């Protein structure tokens, strides 16, 4: 932190401003001027404010901070929480500056003295920062680095901002003023302070650059469903037959006309994004149209999709016809698969889409697959309680499961292809393996990641799959190539979970950097950054209509995101521990969540979506999603949830004796 | 400043062969060691999360180390928890207890049992959003909650009601069958074993055994009838009943009609157990309490439960042809039901009954040692029941006997009591006369007589069917009249005491607190 010529100028400027303000009080114009000054100062490429650094006394930090702290705590209640937010930023930067200047002992005492104030909201960050003990650690630790490189943006209301400036000038606490200038970008808003519940960003103020995130979130996301999907065809077939029944043959020409109009409507949103893309304009997009349209828009797939065999399609159509309509008053039946005698070794589980196959990945690098349809009739476990136990007693000599050996490290994730004929597993040996459940053999080993692969997910149409790893990347693969098709880099820490969008054009990833990102599969670019979680994101789910995404974190918070706006609709509080898994019901009205607190919770999502439509006119109103039911298990953490096509919910978990 | 002290660094350096590490180096190294430690723990926590666990294990730390390309630390990844021992002389210093293992022992030892293989079992966690009460599911708070839910649901959807009422075949899971077989076998074959006690605990807390209740109640009814002369089994069966009653997850009301006869049998049966030495009294007491607790808990649901029980008991009590053991059971059963029942039903019949009982208690009239013992037992039970009733009354109406307390007076009373006590006990022992006769002749109670008389006079107009038979001499009618009126709430406790005293002698006094007694004497 050297004093050069340019900062000296700045210093004079600063002094002039201070003097000016002191003379004039705090009339609006002065404030505006001051604000501009502030912004100019802070956005200048010289972060150093030498006037505060001339004296190299470590005590000035703690002195200045404790003064600011006592002032902030005794300030007006209405503005206190905004000031406290500033206080936290000042606190961590004071600490890091102390470390950077080499006052290790003072830094430690300073940190410990005021730690309690911020533990409630920022415990995890504090735990990380606590480990910083030498200037070199500041460079090494990703959190500290990003904190020091990026400016924190804090929304603050006009009056609180005035109060803060007044205080800083009155007390001449130049150290603190320097830190605030250097590290914080104020976004002053006129009027009343923002309510506490609204300021989600405060939590994630660290780690990623907000401007960048904002810029990225400007990009367009075509969240519509794939055109000509099986569901689509069923709907069309139904409406056609209805029409045919309802109308006479006389009206035939009109009917066809109507249909052609329908077709035209449907085609329009498809064409538009294409055109947009060609032109490269980001302006008016589908969103404005779709928010009013009752049905989700259709989009063309960016990937070449595998062709579905006829008989499979028939089976799916049959399932769709027999689907149970779920709502807040019609809750699903839940079939629970309990892993017993897992000896704490079960790391992950997977359930095929029809619930007939259950896979378990173990820490001893084995992968076991149970065919539940062979063990009695899995669809009706209630009637066959006694039969499975007979099977397990093992009179046939061989286990009731198929054992897949091949990995050389704990298995962290497994996923079934939509048709249940393939199984993918990812392991700490940094490979992904493809297994055939028909041949009971390993087909391919995909090597590409350099570190443990935390998660792997088949796309909704099969053939493609996505993986996420400790190496901070997510990758897109196709089954027929051993090299990844796309590598998505951008997360600042491990990518812990990955999930496909319903239309296969996007992939969402959740990370230890507490953000969720949405990536375009075709271009490999990040199109959304969702900031708001307070801890590692562990699970993701996409709504079937493609509009919403749910993410669950380590603290038990679940967040619902609107993909098009990139905003959090509302946090779902209820779980007390890690949310391992999330699943939307097939028609999208319910969200099921499974957590380490041994419960399955069902949430009503329809209210939020309706609310969302109203909300668009009034964005500040918060409507909480409703918890419909909490179903406790018998000391069994819930690892996996899967809705079958007929809307039967399958859940799996390992019985843990505690 | 680092949480790793530089001494630790020095010690580690020594252990890897660097003898003279300068303290500056140690001081510089310490912060970095702490940073690395934190880094490893951060990675270990990631590994733990992806293993879907919430408890950090040594394995996770090893995974984290291998993530950082560091050789894992061997020797800690075994399944059993590490045993830490406190270092002698240090409060906060622990070390891992690392035992030497003799290879020969390990080789010679028989192979341990292979651990059970992993398996998957399926069950319904919820059916259309409602959690079925099966053993695989977590216990619902109590049995009441789901039934309420069901009710509200039924009222909403009438269609569902019909579905629910459909006759269903009762299918027991294999586990439940095994459980039932094991428990029944235990109670019949080894009723006194520790295992049986554990089984009883399981019965009292297990949430999933509701489907077994009809089987258990049938088994109990059946087995009680069959093994009337096997006391241990009867006792074990009654304990099973108690456990079932205790279990909060069981809906036992529909099966009470099956269980109650068995319990009452164990209270008032003529013979329980085969040997003379069998302590069937204890069983009767236990069962009597059991019956009373059933009444207390379900009496409000089944209004005739208590009335039927008391009718049965009072019939047994008042029937002179019944054996004394049966009388004993009946008295205990009534006493367990509470003092109001005793006051209502036993006290009015006390006096004539005692007249029948006394001959049995006397050596000269009853030669059979066994019978006489039984009679004394019955006498004891009666005394206890009546005494408890009295005690209760005294507690209920302390105002009735609030005298102007005078310390000197009290001391005098005390002296008088002890004095009369001595006298009475001596007479009691020497001459085996019926106590009430003695009491009639006794001085202190003579003073009470006027009160008893007035009570009698008051009682007569009420038209209460007094049971004064006139056999007991001059005082007896008055006493019995008081007793006959004992059901009246406002009866003076003093009068009750007086009449009881006439019947039992000073044995009653043990139920009265000294302070209050001083007032009487």
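Backbone N, Cα and C define each Cβ position, glycine as well.
Straight from TrEMBL, the features:
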COMPBIAS  A:234-262  compositional bias 'Basic and acidic residues'
DOMAIN    A:55-184  domain 'TFIID subunit TAF5 NTD2'
REGION    A:234-295  region 'Disordered'
REPEAT    A:339-373  repeat 'WD'
REPEAT    A:404-436  repeat 'WD'
REPEAT    A:446-487  repeat 'WD'
REPEAT    A:488-529  repeat 'WD'
REPEAT    A:530-571  repeat 'WD'
REPEAT    A:572-613  repeat 'WD'
For the domain 'TFIID subunit TAF5 NTD2' (A:55-184), the mean pLDDT of the predicted model: 82
Close approaches to the repeat 'WD' (A:572-613) from elsewhere in its chain (Cβ under 8 angstroms; 6 or more beyond its ends): 291, 323, 325-328, 331-332, 334, 538-545, 547-548, 550-554, 556-560, 562, 623-647, 649, 651, 653
Distal contacts, the repeat 'WD' (A:404-436) - CB-CB under 8 A, six or more residues away: 312, 347-354, 356-357, 359-369, 442-458, 460-462, 465, 467, 469, 477, 479
Tally of residues which DSSP labels helix, strand or coil - the domain 'TFIID subunit TAF5 NTD2' (A:55-184): 104 helix, 7 strand, 19 coil
Tally of DSSP helical, extended and coil residues in the repeat 'WD' (A:488-529): 0 helix, 24 strand, 18 coil
Residue distribution over DSSP helix, strand and coil in the repeat 'WD' (A:572-613): 8 helix, 19 strand, 15 coil
DSSP helix/strand/coil residue counts for the repeat 'WD' (A:446-487): 0 helix, 22 strand, 20 coil
